[in-house]
């Protein structure tokens, strides 16, 4: 649940905290292999390529990197990209494109192969697992870069540091172009280092990527049961996806009946507008039939979902009302005196407005709660990282070893030797993994080296001319991205958790310190902080995704040079798709960028709020935060750190089983940032539903549970894109929708 976005890769980044918990794909893939009756699940050594699938067609280079594979992968990745911008702006998480690319890619190309025959130009011909890996590689690359447009970029506009997305589109496009390619060229040499040289020594399994590779291998098995199960999963995924699209589009025209169930508003209306049910409605307690959040709840499990819901109860059911009752925070009346409907709805109040007129002395509950939410997410993410101090040490050792290897290779090319570099780049033979790719199938230094240099220069030029960032700051941001890539990739490979929140916030804090020391004006410092942080975390995110793609290709014996070409082509789609989708949603929903908007906005952009808060805190000489909020934030963050340390050091051995009952403070912090309690409620419902289903019928759940969840999430995302297009075209729900069932009889879509 993809920056401070929370990526469900199984990403989501805790799905709710900046870390991937995509183990669902691993379990799903293993279940697929276990279900092959005629071919028992082999005991794989995950540091050598998988055995060649029996009966699979032999694939030459021309049959692996095909037009149809790249085209289908880019289309699927484009859908993922659009969905991720929608979901990121709505609730702050994204999901990876590799599972969608693998499953839908198999369905589409297998159908082409069966129906069009061997000799049909471009679309026909045999279809094997290596070509399938190219589809998912292109989909993963094309689905990337969306995180930039749900974090730093909207934060820049919310702080009025940029003017207008439409007029700024060229500068957004150039920023996306350089972001796409320095991530690609960063990742290229890291394949050899993390997949071949140090994988066995550091135990870099990359569980999510391995699971996708296992799923692809299972789908291409000649076993009848495997083929039958694959068809059933694809059918369910397709149906769920299109039902999700239709429901999201249709429900937008009657949101008070089909989408949002405002029970307390209905009770208030049925009482003749006389009871106190509206007091509960004021705090946003209603249920939303959102497929994406229900689906994500099915993926993340009970601990994360219940922690998210508990955070909402604590923030918007206990702390918020207490603040208002004690006169420490204030709401905004929805109906002005004399306005039609005022007599009935005079008690309808918005507590979700930021109300920035006097945020220190007259804060809204949302503004007061924002700071403890952001601080606890940062504290918990750093604590989760630092308790793995041995992993950090290995990451720094890995970074130095990788640099030494690169320098040693360069020295040797000039016919010289460096005993110092040879010593520090040495790798024990028993730790080496045999590379299935021949020398001709490798990405050569001359292909990525000069391109990386050109991209770094282009990045400095773009940042200097369009964002007024000096060369020193630009290079610092790029170096931070490169160094953080080692840490993030290693954490992903070992734990399947990608600490992008930690990486993003670390880069913001470092850049904030540099800009403060330079004595820059506040607005300039904030702009440089956000842009530099986006560069650093974007590089780490892109490098991690592409290294994971190389891991899939390694296991399936796909030539890395062909994957590299697919990544480069997919990145072209991403660089145009991500800013275009951002512009689409902003044009359809201008409230996303308006912090003064009093009306409830369907897109709260929680990740942007977190980035904005860190940028202000890291660069401001005085914190514009109420003192009571500061004190509570510090206490809450200390509690989160203590719980993380206790869980890691005390709940071990026979007590480890109790870890599932420890609250996830990343999720709780997100609930403080998100004023829409209906989202945590929907996620909790999805998690409980999945838990009961898995308990009562584990075979059925293993077969369809996560497939349905993925289809629901992707379906709502694409439905949101269609709604935005309808809105711009003049056929949207704001014009033709009905307000039946909505609070105040005002349209709530």
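Note that Cβ sites are derived from N, Cα and C of the backbone, with glycine treated the same way.
Annotation comment: TrEMBL describes 93-113 (among others) as transmembrane segment.
The transmembrane segment annotation in TrEMBL covers 133-157 (among others).
Feature annotation from TrEMBL assigns transmembrane segment to 169-190 (among others). Sequence-distant neighbours of the transmembrane segment (169-190) (same chain, 6+ residues past either end, Cβ-Cβ under 8 Å): 141, 144-145, 148, 153, 402, 406, 443, 447-448, 451-452, 455-456, 458-459, 462-463, 466-467, 478, 481-482, 485, 489, 531, 534-535, 538-539, 541-543, 545-547, 550, 564, 567-568, 571-572, 574-576, 578-579, 582-583.
Long-range contacts of the transmembrane segment (234-255) within its own chain (CB-CB distance under 8 A, at least 6 residues past either end) are made by residues 103-104, 106-107, 289, 291-292, 704, 707-708, 710-716, 718-720, 722-723, 726, 732-733, 736-738, 740-742, 747-749. The transmembrane segment feature in TrEMBL is assigned to 234-255 (among others).
With a threshold of 8 Å between CB atoms, the same-chain residues lying at least 6 positions outside the transmembrane segment (261-280) that come near it are 286-289, 344-345, 347-348, 741-743, 748. Residues or ranges marked as transmembrane segment in TrEMBL: 261-280 (among others).
The annotation transmembrane segment is assigned in TrEMBL to 292-319 (among others).
Residues or ranges marked as transmembrane segment by TrEMBL: 369-396 (among others).
Only residues 6 or more beyond the boundaries of the transmembrane segment (445-465), in the same chain, are considered here, and those with a CB under 8 A from a CB of the stretch are 171, 174-175, 177-178, 181-182, 185-186, 188-189, 409, 471, 473-475, 477-478, 531, 535, 564. According to TrEMBL, the transmembrane segment annotation covers 445-465 (among others).
Within its own chain, the transmembrane segment (471-489) has Cβ neighbours under 8 Å at 182, 186-187, 190, 194, 392, 395-396, 398-399, 402, 456, 459-460, 463-464, 498-500, 503, 506-507, 510-511, 514-515, 528, 531-533, 535-541, 543-544, 547, counting only residues six or more beyond its boundaries. If you look up TrEMBL, you'll see 471-489 (among others) marked as transmembrane segment.
If you look up TrEMBL, you'll see 564-586 (among others) marked as transmembrane segment.
Taken from TrEMBL, the feature transmembrane segment covers 630-650 (among others).
Feature annotation from TrEMBL assigns transmembrane segment to 706-726 (among others). With a threshold of 8 Å between CB atoms, the same-chain residues lying at least 6 positions outside the transmembrane segment (706-726) that come near it are 8, 10, 24-25, 27-28, 79-80, 82-84, 86-87, 90, 95, 99-100, 103, 233, 236-249, 252, 290-292, 294-296, 298-299, 581, 584-585, 587-589, 686, 690, 732-733.
Sequence-distant contacts of the transmembrane segment (133-157), counting only residues of its own chain at least 6 positions beyond either end whose CB sits under 8 Å from a CB of the stretch, comprise 2-5, 7, 64-66, 69-70, 72-74, 76-81, 84-85, 88-89, 92, 94, 96-102, 105-106, 109, 165, 172, 175-176, 179-180, 183-184, 212-213, 216, 500, 504, 527, 530-531, 533-534, 537-538, 541-542, 545-546, 548-549, 552-553, 556, 558, 562-563, 566-571, 573-575, 577-579, 581-582, 586, 592-593, 605, 607-612, 615.
Only residues 6 or more beyond the boundaries of the transmembrane segment (292-319), in the same chain, are considered here, and those with a CB under 8 A from a CB of the stretch are 1, 8, 10, 12, 14-16, 21, 24, 87, 90-91, 93, 244, 283-285, 351, 365, 369, 373, 660-665, 667-672, 674-675, 677, 679-691, 705-706, 708-713, 716-717. Only residues 6 or more beyond the boundaries of the transmembrane segment (630-650), in the same chain, are considered here, and those with a CB under 8 A from a CB of the stretch are 371-372, 375-376, 378-380, 383-384, 387, 623, 659, 662-663, 665, 669.
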